[in-house]
Amino acid sequence: MTSATILSDLGTEILIPICAVIGILFSLFQWYLVSQVKLVAEKPDADGKNGFTESLIEEEEGVNDHTVVQKCAEIQNAISEGATSFLFTEYQYVGVFMVIFAVLIFVFLGSVEGFSTSSKTCTYDTTKMCKPALMTAVFSTVSFLLGAITSVVSGFLGMKIATYANARTTLEARKGVSKAFIVAFRSGAVMGFLLAANGLLVLYITINLFKIYYGDDWEGLFESITGYGLGGSSMALFGRVGGGIYTKAADVGADLVGKVERNIPEDDPRNPAVIADNVGDNVGDIAGMGSDLFGSYAESSCAALVVASISSFGNTHDFTSMMYPLTVSSVGIIVCLITTLFATDFFEVKTVKQIEPSLKNQLIISTVLMTIGIAIVSWIALPSSFTIFNFGTQKVVKNWQLFLCVCVGLWAGLVIGFVTEYYTSNAYSPVQDVADSCRTGAATNVIFGLALGYKSVIIPIFAIAISIFVSFTFAAMYGVAVAALGMLSTIATGLAIDAYGPISDNAGGIAEMAGMSHRIRERTDALDAAGNTTAAIGKGFAIGSAALVSLALFGAFVSRAEITTVDVLTPKVFIGLLVGAMLPYWFSAMTMKSVGKAALKMVEEVRRQFNTIPGLMEGTAKPDYATCVKISTDASIKEMIPPGALVMLTPLIVGIFFGVETLSGVLAGSLVSGVQIAISASNTGGAWDNAKKYIEAGVSEHAKSLGPKGSDPHKAAVIGDTIGDPLKDTSGPSLNILIKLMAVESLVFAPFFATHGGLLFKLF
């Protein structure tokens with residue numbers, strides 16, 4: 001049936017770890033390059049360094065101004081300390097949760113066979129004996145903890161790198177846009193490669209260690225590996241929600257009092273919430289985003305591995321083709337490495353106009369190169385024909401069909417990225433229309449923005465739908481899982497351009513706070529506006545991949561829970577669909593209200609300081625930044641628990657009381673409605689933000705007619721931007737975790753639900 005692969009098992013065992021190590025080394029090298037920008041005032045004798053004197057260029061920009069460098073270092077220090085202390089506080093709470101949930105996993109999965117230690121017959125192949133359910137419980141718990149720790153570390157390292165690079169970007173901006181762009185982009189790449197390589201390496205090592213115990217029982221082995229995805233995503237949920245509430249409470253508070261009431265610029269050092277706002281960019285957009293994409297990546301790998309373990313790969317114990325998902329990811333690291341060099345070394349960004357195209361080219365180059373990479377991997381790492389488990393039957397698949405499955409996901413990701421860019425970048429008409437509607441006040445701005453968000457859902461949904469149809473037709477659920485992996489295969493580049501946004505945002509804030517010249521602020525603003533769009537593209541990727549991932553996990557869950565068909569016409573399933581579709585709304589309501597409540601406290605505190613601290617507006621007295629940081633921290637820690645509990649408990653409650661059919665309905669419902677809200681929320685917010693930036697920059701005649709800063713249209717734009725903040729940075733991006741997390745959790749607990757679930761229906 002199956003013919004051998006060109007790449008030997010030994011080749012696979014060498015290739016995957018080597019690619020991961022190359023990724024880690026590359027990120028350390030990029031970090032070394034960033035660290036070459038010094039945060040200490042240069043000594044006067046700087047001429048001998050490059051063999052020529054730079055001091056002439058630097059005089060006019062005030063580069064040799066020691067106080068500026070010192071100020072930048074101080075501000076960076078404050079931001080870094082704030083972010084670190086917040087993450088430590090958050091991880092303490094999340095750590096408690098991890099332990100409780102790990103115990104739950106062990107108890108629930110161990111009780112499937114009544115904690116017996118004897119071998120059982122396998123679920124899919126009844127002729128073989130498999131390891132006891134108790135051991136699967138132990139190993140699932142271990143992989144859950146490993147995934148959780150990897151996720152936390154990824155987020156934390158990302159935050160550390162971003163706070164290390166922000167002031168360095170500001171200082172480089174004195175020498176021109178191109179230097180600043182390279183520092184910001186390189187530090188983004190550090191995060192992207194560290195995360196992609198770490199996730200791959202830890203997963204690969206875990207599989208090999210578990211194999212020592214499981215031996216030939218691959219079904220049990222890969223079932224217990226699913227805990228890795230659950231750990232990754234459950235940490236991401238708290239990181240995303242907590243960080244999102246933190247950053248937006250500060251942002252909304254700073255904007256409403258600073259810009260609208262007091263008419264001072266964004267990131268003005270007189271504004272008490274300004275440090276909290278900049279800390280928020282790092283804990284929400286960087287640490288949260290890092291954990292989020294790591295979770296997607298871990299889950300799509302897990303979904304693919306689970307389905308493969310019960311297909312011909314698993315039955316014939318073909319290690320190379322079994323590891324196909326990991327091989328694709330490791331080639332992705334190499335492809336992204338080449339792509340990164342295009343932005344930093346082959347083509348240099350010289351003017352402001354080249355920033356966005358350069359970041360867009362990153363996506364195109366990585367996608368094109370990755371297509372070639374996938375073709376090679378599919379040719380050498382897969383047999384020419386094999387079978388894939390498809391709801392009880394085995395489906396014959398050719399290797400070129402699997403190649404198409406991965407490509408369809410990869411290209412759908414690019415399409416989603418570009419559509420997102422079209423709807424959120426102020427270079428195109430949608431955002432310009434929104435900006436134009438600010439002439440008549442905030443209400444029309446809000447109406448236009450909402451319409452834009454709803455409209456921006458159309459093409460991404462078609463892209464996701466087509467990729468699902470194609471990949472499912474070719475290779476059943478395995479096809480969908482590898483399509484999700486295809487979308488995430490260029491994760492290192494995606495994360496690099498995504499982390500670039502908050503870093504340049506912070507750089508602008510530091511420039512303003514350190515009192516640097518207007519020209520420098522213009523440069524950092526240009527970097528930041530491009531960063532807003534790339535952040536929206538990153539969110540588009542995260543949402544699109546979440547849809548594919550959760551469908552693949554859904555398929556794995558349905559197979560594992562031994563449901564052959566999910567029939568929408570049965571009441572059990574239909575009520576699940578309705579409730580599932582409602583969950584994203586409930587979840588969004590919680591997160592948005594949390595931001596609103598925290599912002600309210602923040603606004604009151606900022607107003608109080610402006611009214612009671614004498615000399616604050618004149619700039620003679622310093623504001624009390626620490627109180628604002630504390631408000632944000634306390635609010636986000638307190639408010640992240642209820643939405644987190646909602647997501648984590650729903651599958652458990654539904655599975656235990658209503659059984660697997662209703663749960664499959666809930667998963668399908670939440671997937672269908674969650675994707676729509678997530679895309680529209682993040683694009684609406686992104687468009688409002690860039691409409692405001694469009695008016696502020698005043699590049700075109702149209703933009704000039706709308707304002708300088710402080711005009712009525714500009715104030716209307718600020719209000720739109722403030723409404724969009726919780727949409728694009730709290731509820732929108734957290735929703736994709738809701739979709740994935742419920743699916744992966746259901747998959748992990750599937751053996752328990754299948755044997756002991758549905759208590760209420762058993763009573764009647």
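We number each residue from 1, going along the chain as drawn.
Using the three backbone atoms N, Cα and C, a Cβ is placed for every residue, glycine included.
TrEMBL lists 14-34 (among others) with the feature transmembrane segment. Non-local neighbours of the transmembrane segment (14-34) in the same chain are 7, 161, 164-165, 168, 183, 186-187, 189-194, 196-198, 200-201, 204-205, 323, 326-327, 330-331, 333-334, 337, 340, 492; each lies 6+ residues outside the stretch with a CB under 8 Å from one of its CB atoms.
What TrEMBL lists as transmembrane segment is 93-112 (among others).
What TrEMBL lists as transmembrane segment is 132-159 (among others). Remote same-chain partners of the transmembrane segment (132-159), defined as residues 6 or more beyond its termini with a Cβ less than 8 Å from a stretch Cβ, comprise 83-84, 87, 91, 94, 98, 101-102, 105-110, 112-113, 115-120, 191, 194-195, 198-199, 202, 206, 210, 213-214, 220-221, 223-236, 239, 282-283, 286-291, 294-295, 298, 499, 748, 751.
Residues annotated as transmembrane segment in TrEMBL: 180-207 (among others).
Cβ atoms under 8 Å from those of the transmembrane segment (322-343) belong to residues 7, 12, 15-16, 18-20, 22-23, 26, 30, 182, 185, 189, 192-193, 196-197, 200, 203-204, 218, 297, 300-301, 304-305, 308-309, 313-314, 349, 358-359, 361-362, 365-366, 369-370, 373-374, 376-378, 381-382, 402, 406, 481-482, 485-486, 488-493, 496 of the same chain, restricted to positions at least 6 beyond its ends. Taken from TrEMBL, the feature transmembrane segment applies to 322-343 (among others).
According to TrEMBL, the feature transmembrane segment maps to 363-381 (among others).
Residues annotated as transmembrane segment in TrEMBL: 401-424 (among others). Within its own chain, the transmembrane segment (401-424) is flanked in space by residues 324, 328, 360, 363-364, 367, 370-371, 374-375, 378-379, 382, 430-431, 452-453, 455-456, 459-460, 463-464, 466-467, 470-471, 474-475, 478-480, 482-490, 532-533, 536-537, 539-541, 543-545, 548, 683, 686-687, 690, which lie at least six positions past its ends and keep a Cβ under 8 Å from the stretch.
The transmembrane segment annotation in TrEMBL covers 445-470 (among others).
Residues or ranges marked as transmembrane segment by TrEMBL: 476-497 (among others).
Feature annotation from TrEMBL assigns transmembrane segment to 541-561 (among others). Here the transmembrane segment (541-561) has long-range neighbours at 123, 223, 226, 229, 289, 292-293, 296, 299-300, 302-304, 306-307, 310, 389, 391, 409, 412-413, 416-417, 460, 463-464, 467-468, 476-477, 480-481, 483-484, 487-488, 494, 660, 663-664, 667-668, 671, 675, 678-679, 682, 732-733, 735-737, 739-740, 742-744, 746-747, 750-751, 753-754, meaning same-chain residues at least 6 beyond its ends whose C-beta is under 8 angstroms from one of its own.
Tertiary neighbourhood of the transmembrane segment (573-592): same-chain residues 241, 244-245, 566-567, 639, 642-643, 646-647, 650, 654, 658, 661-674, 677-678, 681, 726-727, 730-731, 734-735, 738-739, 742, selected by CB-CB distance under 8 Å and a gap of 6+ residues from either end. The transmembrane segment annotation in TrEMBL covers 573-592 (among others).
Residues 133-134, 136-138, 140-141, 144-145, 148, 152, 227, 230-231, 234-235, 238-239, 637, 640-641, 644, 648, 652, 748-749, 751-752, 755-756 of the same chain, all 6+ positions outside the transmembrane segment (93-112), place their C-beta atoms under 8 angstroms from a C-beta of that stretch.
Using a Cβ-Cβ cut-off under 8 Å and counting only residues 6 or more beyond its ends in the same chain, the transmembrane segment (363-381) has close neighbours at 5-7, 12, 320-321, 323-324, 327-328, 331-332, 334-336, 338-339, 342, 399-400, 402-403, 406-407, 410-411, 413-414, 417-418, 486, 489-490, 493-494, 497, 537.
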